[in-house]
Amino acid sequence: MALSSESSAASAARRPSGGPATSWRQVLARLTGGDDLARGQAAWAMDQIMTGEASPAQIAAFAVAMQVKVPTSAEVIELAEVMLNHALPFPAGAIRDDTVDIVGTGGDGVNTLNLSTMAAIVAAAAGVPVVKHGNRAASSLSGGADTLEELGVRIDLGPEQVARSVAEVGIGFCFAPLFHPSYRHTSAVRREIGVPTVFNLLGPLTNPARPRAGLIGCAFAELAEVMAGVFAARRSSVLVVHGDDGLDELTTTTTSTIWRVQAGTVDRLTFDPAGFGFPRAELDDLLGGDAQTNAAEVRAVLAGGQGPVRDAVVLNAAGAIVAHAGLSSRAEWLPAWEDGLARASAAIDSGAAEQLLARWVRFGQQL
């Protein structure tokens, strides 16, 4: 099938709200010509994908052409909003408006431990309400969902149950395939393409609980500012982070770049954990394994184990606490970090993080 062909009458040219008449020929011609899409065209394309009307060839061409052109924040905003509109909704008011997500794009090519998952548990134990969005492994041996499942956490809960989990335990988990069933149309294409595309950005941008704060890891330094622009448009309080060693986390092996999003603005900063007393780690210190191996590491850290993994977990949990503090216009950068690091360390040392994980497991067992 030629890329400009339409597979059905339903895929014929349509006029997105407020935008130009659109077809795959027009969308792909603009992208392959190196031009940004007109307003509404990215939304049109994503709706075609989410409703199953786009062919695999059209999905692949769109993903690759958008990546080569380099997506803009405006385009990614449209893609993410359409995806959220197709997601399972939460009941109005079910999730409090100061929740935090801790998640990364993946795709850094390094099989690290599930640092964001551990950091989410620690941040929740420090008193920050967490609603984490995640999935099974794509490029690593064990994704956050795989590790949580191995720990005994239920990952198959729907919106009402996740909202209860956040309210009663302090943390909840939105399993991406359950909340985004329409996104399945991209799965085979993404696997077959085998290289990162704009779709890698969408997971952290489409938490169906719509948290207002987050520590968001981006493995692609050139696209981190695009993600930050999306969060700025939402007026979220977010730290978009890229380890200068390539990790989609705050790293302890070197410095990280942070795009601090607050009150609709974006500031780019270089962050050195050595300034807070963290010793330099080696990347090998942070490597993970399968779900069983990673779950054992979670238990060891939450039980009070010392070393580079704990350091990385405390650092990332503190980053989430800082992002949460940023929901207040009174938050100051260095004091917020000092507070976040102290609270994250105390959550482990007091046993609060270990106890929270046990409560989370029991919550799922009792449903």
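Using N, Cα and C of the backbone, Cβ positions are placed for all residues, glycine too.
Summarising the annotation, Swiss-Prot assigns compositional bias 'Low complexity' to 1-21.
Residues or ranges marked as region 'Disordered' by Swiss-Prot: 1-24.
Residues annotated as Mg(2+) 1 binding site in Swiss-Prot: S116, E249. DSSP assigns S116 (Mg(2+) 1 binding site) to a helix. Cβ neighbours within 10 Å of S116 (Mg(2+) 1 binding site), excluding its own Cβ and spanning all shown chains: 29.
Swiss-Prot lists R190 with the feature anthranilate 2 binding site, giving sequence analysis as the kind of evidence. Neighbour list (R190 (anthranilate 2 binding site), Cβ cut-off 8 Å, at least 6 residues apart, same chain): A63, T197, F199.
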